[in-house]
Amino acid sequence: MYDWLNRLPKAELHMHLEGSLEPELLFTLARRNAIDLPWAGVEQLRDAYAFNNLQEFLDLYYQGADVLRTEQDFYDLTWAYLLKCQAQNVVHTEPFYDPQTHTERGIPFEVALNGISQALQDGRKQLGISSGLILSFLRHLPEEEALKTLKQAMPYRDAFFAVGLDSSEMGHPPSKFQRVFEQARGEGFAAVAHAGEEGPPEYIWEALDLLKVSRIDHGVRATENPKLIDRLIEEQIPLTVCPLSNTKLCVFDDMAEHPILELLERGVKVTVNSDDPAYFGGYVTENFMALHDSLGMTREQAQRLAQNSLDARMAP
Ligand code: HPA
Ligand code: ZN
């Protein structure tokens, strides 16, 4: 089954580049940049990947991202991910990156963006993987910081096609970023947002009505609100679901409780994605495999999930 799932042509629509930083590359970059790490080695770092919630993960994710300093570092990170895409027949990807994770620690805006953009361009030419970058705002930071980031990004507008919203969800509703998204959409960017991962269904309503997003990232807590489910079906709004992430961050205690196949059968446009593959135990194929192992996903269901991901692509 693994090989069959691996060969299935797929798109990945929810993947944070900083979350694809494997421990081996993290240590390589730390050595290259002469950074001291608090972990003795790769194994000890991997042992730290045990999370009770989103925030515990984010603390380690931001700490890990600190080894990314030069354009080459961002290139190597992105290229390693694209090679994974090639190995798993991900023919199209729309990854996120968080500019503020880097500008906040003094890395110039263009350093991260140039490295990532160059790798995506090489991926198109050398690997035949189509892609579009999503610039994602950190929702735990103030609105003004997001506005400043959007302004900083404008000279590089061709390097990304959409804006997103991620980081700590609780207490940071989509409404906080209504003006930022209005500006971004006014500039012609598509919009997506994380909502209903840890946050309540109301955050999903807000993302749709206030931020006017075309896809919801995660969205699994929509199951608590039947009216919302009806709307997602009626408007065929894609959900970029990340099964291994949801169990690693204790959104669900066990994969057997995951609602993705029920949502699929009800007609919600759900897709399968890896979120932060280096931290959550696998890339797209491993996420599909977990659904097979724990929920009895059939090949026919896998084909529909993969087709949904291809249908939900937005990058030009
Ligand atoms: N949720 C919110 N923010 C994130 C995530 C996530 O799963 N991964 C990286 N930033
Ligand atoms: Zn995410």
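Glycine is no exception: its Cβ is also placed from the backbone N, Cα and C atoms.
Among the candidates His92, His102, His194, His258, the residue that TrEMBL names alongside His14, His16, Asp275 for the Zn(2+) site is His194. Within the model, the domain 'Adenosine deaminase' (9-313) carries an average pLDDT of 98. Same-chain residues at least 6 positions away in sequence with a Cβ under 8 Å from that of His16 (Zn(2+) binding site) are, in sequence order, Tyr61, Pro95, Phe96, Tyr97, Asp98, Ser136, Asp166, Asp275, Asp276. Cα spacing between Glu197 (active site, proton donor) and His14 (Zn(2+) binding site): 13 Å, rounded to the nearest whole number. Within its own chain, His194 (Zn(2+) binding site) has Arg139, Gly164, Leu165, Asp166, Glu169, Asp217, His218 as residues 6 or more apart in sequence whose C-beta sits under 8 angstroms from its own.
Same-chain residues at least 6 positions away in sequence with a Cβ under 8 Å from that of His14 (Zn(2+) binding site) are, in sequence order, Phe96, Asp217, His218, Thr240, Val241, Cys242, Thr271, Asn273, Ser274, Asp275.
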